[in-house]
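Peer 1: Structure in structure tokens, see below.
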Ligand SMILES: O=C(O)CCC(=O)C(=O)O
Ligand SMILES: [Fe+2]
């Protein structure tokens with residue numbers, strides 16, 4: 001079994017929803033976890049704070065470059081801690097639930113001809129004994145919709161990338177020195193026990209631009225491995241509002257979600273807000289037991305990338 005798989009298995013066995021026990025001490029399985037809010041002395045020796053910035057609203061965030069301890073190379077993997085301000089988190093949660101899962105975007109239910117229109121409205125207005133349609137929703141695709149059967153991106157964009165995602169993607173990528181034109185976005189809907197197996201994001205036509213990934217709602221244990229599953233992955237606790245940028249050498253690293261950890265207390269989603277309505281209450285309840293992830297990617301090379309490639313080839 002690969003070491004990556006062994007770490008995934010370890011998290012499958014963890015039944016608690018926090019890395020700390022009742023006494024406030026780390027559970028044994030979590031001793032290596034990087035909690036960006038509480039780095040250990042040892043972690044501070046290899047996790048570099050590269051900058052502080054404001055990506056959106058008034059959220060001042062710290063940027064850490066997280067490199068694998070074995071290689072110690074700075075390989076383009078960054079976490080922007082709390083980069084999304086509370087308003088943006090609430091706005092994105094609402095959009096994931098009532099806009100991004102609707103046509104013209106597609107979802108995992110679409111290829112099965114089971115796409116459910118107004119899924120969030122149906123879920124929240126159903127009778128108590130009726131099944132929750134949200135249980136069937138795993139992902140939504142925006143922009144260029146990757147075709148998993150043909151294993152290819154289509155020539156035409158299936159839907160637009162919302163301006164907010166374009167802007168956030170660009171701001172986060174620029175904050176760590178990368179550029180991105182978001183052409184495809186994926187929204188992942190995680191339930192309390194959902195995981196995402198280790199994989200590489202390797203279906204785009206270019207890998208010269210980073211994947212920018214936004215976390216909203218419940219906490220998660222994110223695993224970031226190397227270029228093979230034989231490298232020990234680092235384990236990172238991601239919270240609502242955190243942004244991960246995987247560019248440069250880390251663009252093709254194995255990664256995934258080993259555990260989703262529902263938490264009752266998410267600062268951006270208090271139980272009551274001034275003037276809050278039923279929609280907010282439903283969203284607040286949802287994010288406390290589920291996690292949303294939105295990630296944006298550039299699929300095709302930028303014209304200037306192609307130009308510089310051509311020049312490189314000519315001169316070599
Ligand atoms: O949920 C996450 O943070 C990671 C999602 C991911 O890796 C993907 O959609 O490819
Ligand atoms: Fe991924």
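Cβ coordinates are placed from backbone N, Cα and C, and glycine is handled just like the others.
Feature annotation from TrEMBL assigns Fe cation binding site to 199, 201, 255. As annotated by TrEMBL, domain 'Fe2OG dioxygenase' applies to 181-300.
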Peer 1: Taking the Cβ of residue 199 (Fe cation binding site) as centre, how many other Cβ atoms lie within 10 Å?
Peer 2: 11
Peer 1: What residue among the binding-site residues 201, 255 has the most other CB atoms lying within 10 A of its CB?
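Peer 2: Checking each of 201, 255, the winner is 255.
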Peer 1: In the domain 'Fe2OG dioxygenase' (181-300), how many residues does DSSP put in helix, strand and coil?
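Peer 2: Per-class counts: 17 helix, 47 strand, 56 coil.
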Peer 1: Beyond 199, 201, 255, what residues of that chain have CB atoms within 8 A of the centre of the Fe cation site's CB atoms?
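Peer 2: The surrounding set, listed in chain order, is 198, 200, 202, 211, 253, 254, 256.
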Peer 1: On the 0 to 100 scale, where does the mean pLDDT of the domain 'Fe2OG dioxygenase' (181-300) fall?
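Peer 2: Taking every residue in the domain 'Fe2OG dioxygenase' (181-300) and averaging pLDDT yields 96.
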